[in-house]
Amino acid sequence: MTLFRRRFGTHYGVFAVLWLILTCVREAAALRPIRDRGPSASTSWGEERIFLRRGGNDPTAYSRWNITGTYRGTWSFTGTSNRSSRFLEFGKSNGLSVLELASTRTKINGVHYVQGAVIFHDVHDSENDLGATQMRVEGVYIWPFKQLRLVASSGSDGVLLQDEHFMSNPYHLLGAFSSQVFQESPRDRVRRKKSPTDDIEKHCNIEIAAQVSRISSSQADGEHDCYHLEGLMESPAVEDDGECFSPILLNATSLNVEVYYNKAVNYTLMVTFISFIQVLLLIRQMEHSNTQSGAAKVSILMIGQQAIMDAYLCLLHLTAGILVESLFNAFATAAFFKFVVFSIFEMRYLLAIWKASRPLSNGEGWEAMRRELSVLYSRFYGILLGGILVMYEFHSFLRPILFIMYSFWIPQIINNVIRDTRKPLHPHYILGMSATRLAIPLYIFGCPSNFMRIEVDRGWCISLCIFMGFQALILLLQHYLGSRWFIPRQILPEKYSYTRRSENNTSQATDCVICMTAIELTQRSSDYMVTPCDHFFHSGCLQRWMDIKMECPTCRRSLPPA
């Protein structure tokens, strides 16, 4: 009987008549949803149509004013803080709120039965306590006057309808998934123990009175209309106990699930396109280093780190697709392309680099090669599984972990300095991979309207871009200026000079065994090069040969870096 105790402003007389109607039909369960009344619903539908025609209202107006959906907004105390300790210990005076409402028409013209939940975020300040509290509510929505009246519910009645709405809402499910994966674990966000409202209902009456207004499609995000709720959550005094908590202002706007669905699909299209571009870049890089000498110049740690990143993205997108059935095809497509990138192209490139760095083991037979492959795959998948455990245990440090994962160019930079390699990576591969790898984290943490409901962190995004740009810049300068351009010459080891003058007699001409033409040795020139084993070759011939093998073409002796 506490549902209509409040005054309804200027419409007091009209609501008094409605209250008499509700009282008369209470025993007939007129406020219960039509689809919950069993077989009798089919026999009473004709009477309901007659009743609606008598009221002079269009029965199709329900579809235009259906408030079922997800509402996101803010909550705040009307005063500075909560003045009562009988309710939750609010650590803040305001925060975010999410309302999940499911509306069902009834036999009474203009009155809909509503049930759902109100979730209060930013409730506690303590690090040891939880930051969100959920409260189930039910009531009526009188759409001719845009009035919503809700009371706290224990959830024993109509739980199935509410749970069905939750499980069919991709916004709700993907938001919960992103909070678990990218922000906090479910242990830190959801209160699994006894609900605080169970004890409150024994001593408090919790009522919510809200005014509903429609936002036109021109102002809403999409073609369909959205709704705005603005109301007050109060607890009228019970006997002499006084109110349970200070009045709370609620302000929320409905979210267009279709727009949210389209955002998720567009995101998967972006991931698919990025994966296709990465495949093309990998093919270009593999052609650039298609020889044994070229593959040995590439850092295996750099390729392995990128392969692990793609494997994680494949698992995340596949999990998101399983979680939300309506988006399974879109997320499964993105996961498949990521699977192709890391399992086919990157693993193949890893194998080529592994074989190029161990030339002596290639001639030992198939058994030796199988052992080498077993070691490679066991290390890769061991690091992959270990990384999952690390990120699960240290999920609160996800952003620093992402910084570590996006330092994949550093092993190549160090490898270039140590081995003094020449142009191991193609410039298009460096620039293309740096840009495509940044697309997903910049969307998740930098797009204000991302579908994962993650707050924007512009400072972190700017830092990540600077970090990646600095790595790519060093690699490009190593490509054009030399791998050790930034190291002072005083601390560099002595480097062999291929333009030295031979100690042997150089008065006679000799032939280059690569092109089989004569080399003029009468004067010092940059047209020829001398190996440590005193063999002469044309400069261009020997440089092209060293891109394939770092061996002397004449005696097969190992050659130092040029």
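The backbone N, Cα and C atoms fix where each Cβ goes, glycine too.
Automatic prediction, not curation, is the source of TrEMBL annotations.
Per TrEMBL, the features are:
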- 1-30: signal peptide (SIGNAL)
- 264-283: transmembrane segment (TRANSMEM)
- 295-318: transmembrane segment (TRANSMEM)
- 330-351: transmembrane segment (TRANSMEM)
- 380-409: transmembrane segment (TRANSMEM)
- 459-481: transmembrane segment (TRANSMEM)
- 512-556: domain 'RING-type' (DOMAIN)
Quiz item: Sequence-remote contacts (6 or more beyond its ends) of the transmembrane segment (380-409), Cβ cut-off under 8 Å?
Solution: 182-185, 302, 304-309, 311-312, 347, 350, 430, 434, 437, 441, 457, 460, 463-464, 467-468, 471-472, 474-475
Quiz item: With DSSP helix as H/G/I and strand as E/B, how many residues of the domain 'RING-type' (512-556) fall in helix, strand and coil?
Solution: 8 helix, 11 strand, 26 coil
Practice problem: State the mean pLDDT for the domain 'RING-type' (512-556). | Solution: 79
